[in-house]
């Protein structure tokens, strides 16, 4: 049953990612969708981890929903595209921004998750 719920969660996350990408790609030439999706997913995963949810729910939400939602493979393809286009400054800024902000938002989410579950 857990495998089915993981698959369902992953499907929900992927559909959310697709919808956000469709909405944001109409408004800009830059791929803001990947950045927003990965940063928000990092923050939400931090909250989940910090809140110490029970294992099945954490797996369904973290590995399932957020695993289907985030898209670090797309980030790396976009970095490769920037590299091949000789847009090295943008490539470096995008890489540093994505990974550093992703870590900081995960950390902030973790602290928030801990604070929300303290009794």
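Glycine is treated like the rest: Cβ placed from N, Cα and C.
Heads up, TrEMBL stuff is auto-annotated, nobody curated it.
TrEMBL has this to say about the protein:
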- 30-50: transmembrane segment (TRANSMEM)
- 57-82: transmembrane segment (TRANSMEM)
- 67, 70: Na(+) binding site (BINDING)
- 94-113: transmembrane segment (TRANSMEM)
Sparsest-packed of the listed binding-site residues (67, 70) - C-beta count within 10 angstroms: 67
Three-state secondary structure, residue 67 (Na(+) binding site) (per DSSP): helix
Same-chain residues at least 6 beyond the ends of the transmembrane segment (57-82) whose Cβ lies under 8 Å from its Cβ atoms: 2, 5-14, 16-17, 31, 34-35, 37-38, 41-42, 44-45, 48-49, 88, 90-91, 94-95, 98
